[in-house]
Amino acid sequence: MTLRLISKLASPSALRRCALASSKSQAFGTASLLQRSAIRNAVSGPGGNIYTARSLHTTAIAHHGHVHKPNPGEELHVTFITKEGEQIQLEVAEGDNLLDIAQAHNMDMEGACGGSCACSTCHVIVDPDYYDKMEEPDDDENDMLDLAFGLTETSRLGCQIKMTKELDGVRVALPAMTRNLQARDFQ
Amino acid sequence: MVPLKLAIVGSGPAGFYTASRLLEKVPNAVVDMYEALPVPFGLSRFGVAPDHPEVKNCQDKFVQVAEAPHFRFVGNVCIGRDLTLKSLKDNYNSVVFAYGSSQDRLLNVPGEELPGVFSAREFVGWYNGVPELRALNPPLQDAEDVVIVGNGNVALDVARILLADPTRLKSTDIGEHAYDVLRKSKVKNVRIVGRRGLLQSAFTNKEIRELINEPGTMMKPLADVYINHYKPFVPFLERPIKRLVQIVEKARTNSNDQIAKANQGQGSLPSKQWSLEYLLSPQRFYASSSNPNILSSTLFEVNTLLQKDIKSPSVCRGTGETKSFKTELAFRSIGYKSLPLPGSAELGIPFDEQSGRIPNELGRIAGVPGFYVSGWVKNGPTGVIAKTMWDAFEVAETVLEDLYSHKLDTSSKPGYEGVLPEIKSQPVSWTDWLKIDQEETSRGAAQGKPRAKFTSVNDMLSVL
Ligand SMILES: Cc1cc2nc3c(=O)[nH]c(=O)nc-3n(C[C@H](O)[C@H](O)[C@H](O)COP(=O)(O)OP(=O)(O)OC[C@H]3O[C@@H](n4cnc5c(N)ncnc54)[C@H](O)[C@@H]3O)c2cc1C
Ligand SMILES: NC(=O)c1ccc[n+]([C@@H]2O[C@H](COP(=O)([O-])OP(=O)(O)OC[C@H]3O[C@@H](n4cnc5c(N)ncnc54)[C@H](OP(=O)(O)O)[C@@H]3O)[C@@H](O)[C@H]2O)c1
């Protein structure tokens, strides 16, 4: 629950764009550098990084146990754009993969095959600026991407993207696959 | 808050993923999952190939769901046999059908009923230890040439199990009974036959690459006639199918190289070979005159494809020309089929015999409030687990939509306590399943396998 709170803080409604579906321009094309730094500012805030409330994260992480706590000073950053269009920036450790990271932070990403590159449920759409910094997907990953819904030119499987220094700041969007109805929408 | 009592029929991926979303989003949901067998997970246990253990990792999620406080597994209770559908209707706020597809489609050609013609569903169930199929014992020791009709991923599973060196399968959870038969197999030539062309192949890229790379086997070079058929379309193809063409063409080049070398005396060709055949529809299976258990040949009609343009679906038409393959065993792999549950017509639940599924709108069964359908019985027998999952989430959203818009009866219902006196079998709880699971895994460990499955219901129940 605390994480959701952070996400609200971190995503001023002006930036809450409907997180995409199919084309890379829809996903990222319009997110200018300016907007991106706005996201960072919103996240960091003038009074320092709201993520200094790190205990919140560690609780969530300890619960799942798949990811590592970054060493102080070596934190890498990843921003998930949720299906609802919220932007969630996280501090993560080098070497952890995006599926484990998303699940450790209770984000809505499935990993039906447990991260063994045998399904396409952890499909993410990567910011084109970062896509090119990644190693090419191998044959196994391509085979699974071929089955992903709403495949884009910058689609990847979250379980296959390991955080590196080059990827610091990467943004990925979770494709909206299903409705997500809430009781309040019917009142 | 009055609990909302939901019954799910079937414990395969569709049942579990629907349950997971409902439990996550409805705070007062109580989910009871009814399963015909004492063991859960449907085709994840009984369909997914033994050499694909990573696919079964979805079961980790299902275990999490099963351990949720308001979830109950009721195994060994077949709805329509051990408990009536009416009883579920009377005791629950809502019922979700997720009972999959337990039969198979037929070709309806002469000779299909011969002992040498097997359905892929039976063969898969046999090697995966489905209790009622354990005694199938296909006469693999009498067969060299095999024809598989249909070219979906099930056809490729069947081909791979037939062609693989059995010692590779020994350390999987394949049934010992099946391993013993596979070890004596003489099968050395498998033809996977599609009625349309290469571009209409139903298999997916990972699975065809896997078969191409199966050690000790060789894919026979794709025949020119099939290539000529698709060549003009290649520039217009989308990424997945373009990759498929590349994969098959690369395999063709490799095999041609291998053959050329063998012809020059360098190395020999693998004894087990297989091929992709296209544009052929089976017309008749012929029995062997010397051995009643096997066939002698399969007669096909050669097809041509009719297609308005590259975007519209292609259909095949017979040309009148025929072709015959030597065949000792044939496997029909043209899809599974769902059946209506006994008692469903009385409750007004429709069933489309043609497509073999329950008609629905996003999972809602029209005209029968409170009834929903998910998974293969909703969509027909296609879709990998990922597809079944997304779809199950969508069905759960439909239930939520009806709940939030007051279309569900939310009055207090007895649920499990109400149906219990009417259950005619011995229900198996989740704790019971964990005992069976533990017994299977420890027996497996002793044999160097992840699990040694029980292959009879009595054996499963004897652990409890
Ligand atoms: C041979 C084969 C291999 C496959 N391999 C893969 C793979 O490698 N990767 C992949 O992603 N997908 C694979 N699939 C697809 C995957 O299995 C399906 O997407 C998925 O299992 C469908 O889920 P379901 O819950 O609708 O049906 P099922 O999995 O069939 O579950 C239905 C359940 O309902 C139970 N049931 C039936 N009737 C009753 C009744 N009257 N009362 C109570 N319970 C009942 C059944 O016993 C069963 O447990 C494979 C499919 C097959 C056939
Ligand atoms: N490893 C895996 O991921 C894996 C493994 C097994 C199964 N699965 C999934 O499970 C689902 C079911 O697989 P499946 O192989 O049973 O079904 P499928 O993919 O639907 O393939 C059925 C095949 O049968 C053919 N066919 C149907 N009716 C026919 C007829 N009357 N005569 C001749 N051919 C006929 C179809 O040809 P047409 O196209 O011409 O109709 C098609 O080639 C699929 O979604 C599959 O991907 C996945």
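Backbone N, Cα and C define each Cβ position, glycine as well.
Per TrEMBL, the feature domain 'FAD/NAD(P)-binding' maps to B:5-212.
Non-local contacts of B:E35 (FAD binding site) by the CB criterion (under 8 A, 6+ apart in sequence, same chain) comprise B:G10, B:S11, B:G15, B:F73, B:V74, B:G75, B:N76, B:V77. As annotated by TrEMBL, FAD binding site applies to B:A14, B:E35, B:L43, B:I79, B:W376, B:G383, B:V384, B:I385.
The NADP(+) binding site feature in TrEMBL is assigned to B:N151, B:G152, B:N153, B:V154, B:R195, B:R196, B:E207, B:G383. In sequence order, B:Y278, B:L279, B:N303, B:L305, B:S314, B:V315, B:C316 make up the list of same-chain residues 6 or more apart from B:R196 (NADP(+) binding site) whose Cβ falls under 8 Å from its Cβ.
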Proximal to chain A - binding-site residues among B:A14, B:R196, B:W376, B:G383, B:V384, B:I385, CB under 8 Å:
B:V384, B:I385
For B:G383 (FAD binding site) and B:N153 (NADP(+) binding site), what Cα-Cα distance in Å is obtained after rounding to a whole number?
10
What whole-number Å value do you get for the CA-CA distance of B:G152 (NADP(+) binding site) and B:A14 (FAD binding site)?
20
By a simple count of other Cβ atoms within 10 Å, which of B:N151, B:N153, the binding-site residues in the record, is least packed?
B:N153
Take every residue in the domain 'FAD/NAD(P)-binding' (B:5-212), average their pLDDT values, and give the whole-number result.
98
Distance, B:V384 (FAD binding site) to B:V154 (NADP(+) binding site) (CA atoms, angstrom):
11
